[in-house]
Amino acid sequence: QSLRIAHGYPAQSIIGATYDHFAEYVEANSDIEAEVFALTLLDLRQASPGLTSGVADVSMVLTPYFQNEFSEANFPADLSMAANIDGRPTSIAAAMAGAMMEYIIFNCPDCLMQIAAQNQVYLATAPGTQFSLLCREPLASKADVEGKVLRSSTNTFRRWTEAMGATASSISGNEMYDGLNQGLIDCTVNAVGEMSNFSLFDVVKGITLAVPGGTFGGTGIGHFNLGYWADLSVEQREMMARGMAETAAFMSTAYVRQAQTDLAKAREMGIEVLEPDASLAEATAAFTRADVATIVQLYTEQYGVQDAQAKAETFQALLAKWKGLTDPLDPTDQAALAELLWTEVLGKVDYETYGFN
Amino acid sequence: MKTVFAVTNRLLALAMIVAGVAVVLMMLHVSLDVVTRPFLARPLPGTTLIVSDYYMVACAFLPLAYAQAVDGHISMDAAAHLAPPRAQYHMAGFALLIAVVVFALLTWTATHDALTKFRINSFSIEFGTRIPTWPSYFLLPAGCALMTLISALRLLEYALGRLAPPK
Amino acid sequence: MTNIEIGLTGVAILFALVAMRVPIAFSLIAVSFAGLWIVGGERAAWGTLSLVPYTFAATWTMSSIPMFLMMGYVCFAAGLTAGLFRFARLWTSALPGGLAIASIFGAAGFAAVAGSSVACSAAMGRIAIPEMTKYGYDARLATGALAVAGTLGALIPPSILMILYGMIAQVSIGQLFLGGAVVGLVTALGYAVLIVIRVSLDPSLAPRVEEAVTWRMRFAAFRDVAPIAGLIAVIFGGLFGGFFTPTEAGALGATLSTVIALARRSLSWSAFVDAIRETLMTTATLFIIGCGAALLIRFLALSGTGVFLTEAVTGFGADPVMIILGVALIYLVLGMFLEPIGAMLLTLPIVLPIVGDAGWSLVWFGVFLTKLLEIGMVTPPVGMNVFVIKGVVGDLIPLSGIFRGIVWFLVVDLIIGALLVLFPAIVTFLPALIG
Ligand code: NA
Ligand code: NA
């Protein structure tokens with residue numbers, strides 16, 4: 001038996017290491033031979049259709065790339081800024097991972113139906129760290145941000161950008177360096193770890209931490225082809241799930257470590273690292289609270305999500321629960337997070353039937 | 001036979017006109033987006049999406065058949081021109097056979113995809129504006145189907161011994 | 001058969017099909033689809049075939065390719081290019097082999113609005129070769145100079161090759177453009193020096209043009225190049241000055257060249273339609289090869305052949321200079337037979353990790369690679385630029401004669417290649433300075 005893993009990132013990246021980790025886990029705990037294809041088999045936009053058609057057995061589906069196919073799972077992913085209501089979590093990656101997985105698997109039959117409609121089975125999500133402002137100059141207050149041009153890659157961040165009196169730009173990821181370098185954009189809204197991924201150290205002079213905040217919650221690292229899943233024995237499915245708990249924890253903590261390394265390097269290079277001042281923090285908090293209603297309305301009207309208000313409340317309750325569970329942990333403690341994801345979510349699943357109803 | 005060629009030529013011209021309009025619109029649309037940027041608070045909605053999903057797909061795949069009709073697809077001449085003329089004639093026929101097979105496969109699978117996108121009414125939301133994406137998926141099978149048709153007609157000419165020698 | 005054997009067999013069949021004049025794109029798709037079916041099964045084959053073409057073309061960054069192509073074709077159709085040659089001719093009239101040098105610098109100017117080397121050879125060749133023939137230039141020198149002058153088209157920005165490389169290697173296209181501009185100008189200078197030396201040693205190669213050129217004429221010629229110089233200034237000024245991105249520069253360049261041509265009343269409707277038709281033909285034929293190459297990459301990956309080939313290359317040793325020499329040798333050999341975009345798309349997934357791990361900057365490598373691939377454009381047996389020039393000159397000189405005229409220029413190219421390896425800063429200093 002074999003397992004074909006494909007992802008659209010370089011082999012040396014965190015996501016590359018994440019899937020290498022999963023492949024090692026599978027080979028160590030079963031007779032299945034796992035092979036990882038980095039970049040060569042599926043790119044980011046091909047991941048979901050590639051799983052549907054069986055080009056790969058496992059891949060990472062960035063669900064927001066497929067707005068209508070995965071609208072039910074994208075809905076809680078879009079609510080990630082709400083994790084900062086009532087205080088920033090120790091690790092937004094850990095809190096969101098747990099909340100997303102528990103929500104999709106146990107609280108959202110609509111999510112599972114959409115995923116099954118794509119001929120897929122869902123096991124895990126591994127979000128990154130807080131979105132921050134990576135800028136050409138240090139910005140601390142709301143007045144600093146006003147009138148600036150910010151690269152905002154999601155609709156939520158575009159709304160925030162406009163609420164702050166700035167202009168949203170949608171230039172692509174590989175134009176980010178040129179855009180910052182030439183002053184076409186003043187900041188890009190990204191996780192701090194993208195500093196090294198996109199080699200931005202030469203063009204960024206100021207980092208404003210955790211505004212707008214939130215994270216990319218649509219990183220479905222554990223999407224399987226349904227036919228492949230059906231051919232596995234119940235023990236093998238359980239092994240895969242256990243491996244996915246390990247893998248999601250590996251990736252989330254690796255992002256935290258990368259953010260720490262990048263921040264240290266930035267400070268060393270004389271890049272100013274700031275907390276938002278009261279004006280910017282309060283404006284962002286006010287936006288975040290109001291935006292929950294906007295997102296509910298958007299998903300109801302544009303994507304036809306049913307009972308969106310109730311779903312939002314369910315998800316926010318789960319976020320609060322997971323903040324409680326993960327806040328006491330060291331954000332780089334992979335084993336502890338893996339254990340939580342297993343005992344609270346994946347360990348409770350019935351692998352005889354999961355994926356088939 | 002003559003009618004078939006006449007109809008095909010019309011279709012070729014139509015495909016080139018649509019692709020030509022797409023390339024000119026792409027040029028104007030992106031330029032407008034850049035030029036108005038200093039004056040508008042937000043970019044024109046959906047520029048990136050319309051450029052990549054509509055204009056690009058149109059100008060990449062609709063002209064395929066025209067290129068085939070004028071023998072414009074890039075091939076390597078180095079070894080082939082050493083062969084005797086008779087062999088070269090058969091090689092041209094063989095290349096057409098490969099073209100028919102390849103583009104029939106592409107037409108088949110792309111049509112299937114386009115119908116799926118149509119069924120789920122695929123769309124995208126940019127800056128709150130809902131932009132349907134499914135129609136663009138029909139451009140690919142359209143271009144490939146026309147390419148298959150042209151290649152098949154030329155293969156028929158080959159079988160009848162009437163294929164013009166390569167340039 | 002093992003999967004790797006299937007992969008290698010597939011590559012062999014691919015070469016056989018290409019040698020039989022099956023278009024490259026069709027050969028790539030046919031071999032890859034069959035190979036994916038055998039190695040990965042029916043679902044993988046159909047799945048990949050349905051995923052690749054749409055996602056390959058429907059990309060924002062790729063849109064700069066038709067746009068830069070269009071800018072070049074419109075400039076040519078509107079006669080903006082002819083002024084460049086006339087200008088260069090007046091300013092180089094005092095030098096030995098002045099017309100040949102003029103065509104090199106004319107091509108360098110046209111390269112700044114054209115995205116590919118074939119376009120550059122074709123445009124300059126049509127203008128300059130008849131002139132040189134008229135003045136009794138050696139046919140080998142004339143055609144050789146034009147074939148190599150074309151290679152500046154891909155080195156001096158904009159460059160289709162560099163855009164594709166930047167997409168795949170995830171490096172800044174702006175930085176590639178800056179590095180390419182330097183190497184392109186160094187190459188042009190190198191060619192010019194070579195022409196001066198050769199014509200000085202053997203004046204019969206290029207009889208002196210008996211024509212009274214006054215300074216007044218020289219300065220008056222600025223009017224001929226003003227529109228195209230203005231276009232270049234706006235595009236690159238805006239690009240490096242931060243008003244728009246490389247992708248947007250393409251569309252603006254195409255629009256501006258059309259507007260300039262219309263304002264000068266030098267663009268007829270039929271010439272405009274021709275420019276669009278050329279743009280569409282080139283775009284479609286390039287993109288379908290790109291789709292085929294993307295399919296082949298997947299076949300090589302799934303069969304394990306890609307890894308096998310990588311390990312074969314890295315087996316030669318770990319010294320960065322040795323690795324880069326090995327890579328250069330591979331591209332020089334591939335360049336003899338393959339069309340550059342196909343060669344690049346085919347090999348980058350294997351080569352990039354090797355080069356990166358050896359510590360070379362990927363921006364530097366992008367420029368170096370472009371130089372290598374452009375050398376392949378003028379080497380036998382398959383040299384696209386040479387074929388284009390042959391198409392322009394007709395029966396003036398046999399194909400082999402043009403290839404012989406290129407030999408001396410190849411020496412210059414190899415010296416420049418060696419300099420790039422010895423002094424990588426030639427490429428990287430400008431991007432670092434501005435960046
Ligand atoms: Na160029
Ligand atoms: Na060659």
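Cβ from N, Cα, C; glycine included.
TrEMBL lists C:12-426 with the feature domain 'TRAP C4-dicarboxylate transport system permease DctM subunit'. Feature annotation from TrEMBL assigns transmembrane segment to C:12-38, C:44-61, C:68-88, C:141-165, C:177-201, C:221-243, C:249-267, C:279-301, C:321-338, C:345-369, C:375-393, C:405-434 (among others).
For the transmembrane segment (C:177-201), the residues of the chain that approach it from at least six positions outside its boundaries are 95-97, 100-101, 104-105, 107-108, 111, 141, 145, 148-149, 151-152, 154-159, 162, 239-240, 246, 363-364, 366-367, 370-371, 408-409, 411-413, 415-416, 419-420, 426-431, 434, judged by C-beta separation under 8 angstroms. Using a cut-off of 8 Å between Cβ atoms, the transmembrane segment (C:12-38) and the transmembrane segment (C:249-267) share fewer than three residue pairs, counting only pairs 6 or more apart in sequence.
As a quick check, the transmembrane segment (C:375-393) and the transmembrane segment (C:321-338) clear the bar of 3 or more Cβ pairs under 8 A, pairs 6 or more apart, so the two touch.
Counted as Cβ pairs under 8 Å, contacts with the transmembrane segment (C:141-165) are highest for C:405-434 among C:44-61, C:221-243, C:279-301, C:321-338, C:405-434. With respect to Cβ pairs under 8 Å, the transmembrane segment (C:321-338) is most closely packed against C:405-434, considering the stretches C:68-88, C:221-243, C:249-267, C:279-301, C:405-434. Tertiary neighbourhood of the transmembrane segment (C:249-267): same-chain residues 63-68, 70-71, 74-75, 77-80, 113, 158, 227, 230-231, 234-236, 238-239, selected by CB-CB distance under 8 Å and a gap of 6+ residues from either end.
Same-chain neighbours of the transmembrane segment (C:68-88): 101-103, 105-106, 109-110, 113-116, 119-120, 123-124, 127-128, 131, 158, 160, 163, 221-222, 224-225, 227-228, 231, 250, 253-254, 256-258, 260-261, 264, 266-267, 271-272, 274-276, 278-279, 282-283, counting only residues six or more beyond its ends whose CB sits under 8 Å from a CB of the stretch.
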